[in-house]
Structure formats: structure tokens, C-alpha cells
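What Swiss-Prot says about this protein:
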BINDING   166-173, 191-195, 212-215, 292-295, 321-323  GTP binding site
BINDING   Ser173, Thr193  Mg(2+) binding site
COMPBIAS  453-469  compositional bias 'Basic and acidic residues'
COMPBIAS  476-492  compositional bias 'Basic and acidic residues'
DOMAIN    2-159  domain 'Obg'
DOMAIN    160-340  domain 'OBG-type G'
DOMAIN    358-438  domain 'OCT'
REGION    449-492  region 'Disordered'
Amino acid sequence: MPRFVDRVVIHARAGSGGNGCASVHREKFKPLGGPDGGNGGRGGSIVFVVDPQVHTLLDFHFHPHISAPSGKQGMGNNRDGAAGADLEVKVPDGTVVLDENGRLLADLVGAGTRFEAAAGGRGGLGNAALASRARKAPGFALLGEPGETRELTLELKTVADVGLIGFPSAGKSSLVSAISAAKPKIADYPFTTLVPNLGVVSAGEHTFTVADVPGLIPGASAGRGLGLDFLRHIERCAVLVHVIDCATADPGRDPISDIDALEAELAAYTPTLQGDVTLGDLTERPRAVVLNKIDVPEARELAEFVRDEIAERGWPVFLVSTVAREGLQPLIFGLWQMISEYQSAQPEIVPRRSVIRPVPVDDSGFRVEPDPRQPGAFVVSGARPERWVRQTNFDNDEAVGYLADRLARLGVEEELLRLGARPGCAVTIGDMTFDWEPQTPAGQQVVLSGRGTDARLERTERVGAAERKAARRQRRTGDDAERGTTERGENT
């Protein structure tokens, strides 16, 4: 029998976007071909898809690291890079996805249900897409964004109409095998059932599913015994059935005390339910009681004795013997009636309306705050500035100048000045820290001296070609003047 795994922690990493291309069109008789660098391809995303043929999370137990392919780099001649293919990961029906903080992200129920667990990164723009009046042939391109990386917890919660709950060795597995074609492991020792067993039951022309889950002991809601491994698998059941062993020889146990103990555990577990439980709390689900093993004479007498007392709670009571196959048909049709009545009483599920929240006009999309780790420094946070920094190649001066222009147009520099930032102070955006120089890019017109360079970022102490030429002209002028003076002196 394959190993059953119903809870795993995985690491999902989506593909990164491809880098844009910085190239210039070269063709005979076309000296000004212009930029033709293509955009990078989008990175592949990781998508969970419910597959009815998958029944366990075992594959994730042995392969917890999942990564999607990255996008390809853009190329010249306006050729965009290929997008990375989305990675579709098959998960069982009833899988719950939680983030690293335990917050519910998705409840995957129903064949074909999809959920994007990690989004692929955007591809970087090529220099053809970055061309403008100021930059007719940009000597740079934007880098692709890294794909989303997440640590996720997957939990499997059995999807069944009826959940059988009871103490160990109460006969739950025997009952499932008697009313369905399921063949769970059956033995005469406690905790024989370690994994949920599902069976399909026919009630005339109708069918429903029954789940036999691991046995319950007092304190299961706090983790004793199989604890949450038991209780997790009954959250989705529409009807809960207490299977009571009327032939038990354990001292201090009787059908009434067993039912009270089971109900106490259900009540204690209900506040821990995560997310939206469409069927309501466990304490509100319909109940039925199966008094099992009445083929034993003493057990039959005990079942008859407590039957009326249990029925006073408003729960149907069924006397059953799986060995003699007695009372099975009334139980099957009684459960189907409870399921149909409960489901018909549930309100119709209305699809959630899409809520659009417009961004205010005066929302700049960033925030500047003092850096608590370093006096006099500042931290700029916001989706756009941080994305722009990730897309910038800091080995290219022209790309850095383009980033400075974008930040200035967004209003970052103006906000830094308002907060009292001084030239040379450290400014952190995302993972990068800069020495802020307001006179470098602030509102100055773009002056390009060559592809991949920005005159505003050149060091002022470096002597340029024009300065060297002027110095040589001055030296020649000085030499000529000195030579003329000497000649006049000799003639005199």
C-alpha cells in the first residue's frame, strides 16, 4: 500500500523574466538603423491543479522544491524572448494551501480547480521599447524581474459526504467495507486505521461517499494520539456518524460516555478551523449514532437499553452488526436522507463579486522614511521604485541615469529634500543602497555622450578630450608668444 501523506511544506520558486536586449540595427546603406533590441520573455508560474487521480501528497514529501522555467533573453532584430512555460502541479481534491504564516491562500475542491501559487517574473524591456526623443538609441535594456519565491504548506482534507468517527477498534473500517466496495485494513488492535479510507455507497439510484478516519481518543483536539490527523479529515463532511462499540470491555466506558467524549473533542476543535467553512461548525453538522457489534448478546441488550436516551438528543440511532450484516440497509438509506436534507437546506453559493478599488489620484505609489538602522539615512519603499531598481543594470551608467530620471519624475527626490536629506546620505531602495547626490540627475536634461554612458554621471575630475585639446592650444599659444619675444630681443 502506498504511503499516505496529508501535510507537507514545499518551496515554490517561479521562473525569472528574461533580460531585454540592447542592440542597434546594422544593415548596408542604413547608417542610422536605430535600436532593435527585443524584450525578455515572462517567467513561468507555478499553478496547482486538482487531479482526481491523485490521492496523497507523497510526491511533495520526497520532492519539496518546485521551480518553474525562466523566460528567455530578448535578441536583436526586434526578437522577443520566449516566455517560460507555466508549471502545472497536480494536487489531490481537498488540498488546502497555507502561506508561511499559516494564512489560508486557497481551498482547492473540485476536479480542475486551479491556483497560481507563485507568479513568474516580468521580462525586461529591450532598448527598442525604451527609445524616446531624448534617447533615440538607448545603450541599455532592462533586466528581467526575479520570479516569486514562497514557502507553502499543503494540507489534505478528505472530501466525503459522511464521516465516521469513534474510538479505536469501534468497527469503523468494518462498517465501510460492509456498505461499500472499499477494502481497508481490519485488525483486532487499536489504531489499525492510520490513513483515511473512502468508500462509495449506493442508496438505490443515488450514491454518496463515506470516510473512515483514524480513531479518536480524548485530547485529540490538543494533538494526542493521531490528533489533528483525525480531525482534519472531517471538516468537509456533511454528516457525522458516531460509531459506538457496544461490546467493549474497557472499564469506565459505555455508549453515553463515548458519545460525550467525542462531542467534547469536536467542540474543542471547532475554533481552530481555518478559512471559510461552507458547511458550518462541526458542532452544527447533522449527527447519527451507530451502535455497533450487536451480534454479541450483551452488546445488543446494551444498545436497546441506551437507544431511547440517545434518540432524545434528536439524532437517528441505528443498531448494526457488520459481521451478521444486520441493519445495514436502514443505515444506508437513513444516511442518504440526512445528506439530501442537509444539502437542500444550505443556501445557494453566490459567486463573489469582483471589487475594484481605484487608486487615489494623489497617491504617488511610494513612501520615504528615515532609516532606523542608520542616522541620517532614508528608505524608499513602494512597488514601482523597488521594481525599477530590480530591473536596472548598475554596470551601465546610462541605465543608472534612466533610473534616476524615473525616480525624479515620480517625486522621490522632491520628497527626500522635503524630509531634509543631504547630499551624500545613504538612500536604500529594495536591496540597493545609494549615496544620494541631488545635483546629479535632478531635473537636468539628458545629455548622452555615447552608448551606455550618461554625462551627468561622469566624474568631474577626469580631464576630457576637449579640455586636453584646449590645454594643447594654450601651450602652443604660449610657446609662440615666448618664441616671438626671444626673436625681438635678439634683433634689438
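Placed from the backbone N, Cα and C atoms, the Cβ positions cover glycine too.
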Original post:
How many Å lie between the Cα of Ser173 (Mg(2+) binding site) and the Cα of Lys293 (GTP binding site)?
Top reply: 13
Original post:
Minimum Cβ neighbour count within 10 Å among the binding-site residues Ser169, Ser173, Ser321: which residue?
Top reply: Ser169
**OP:** With DSSP as the reference, give the number of residues of the domain 'OCT' (358-438) in helix, strand and coil.
**Re:** 29 helix, 16 strand, 36 coil
Original post:
Here are the binding-site residues: Lys172, Lys293. Which has the lowest count of other Cβ atoms within 10 Å?
Top reply: Lys293
Subject >> Cβ-Cβ neighbours of Gly166 (GTP binding site) (radius 10 Å) >> reply: 24
**OP:** Taking the Cβ of Pro214 (GTP binding site) as the centre, count every other Cβ atom within 10 Å, in any protein chain shown.
**Re:** 23
Original post:
Which of the three DSSP-derived classes (helix, strand, coil) applies to Ser169 (GTP binding site)?
Top reply: coil
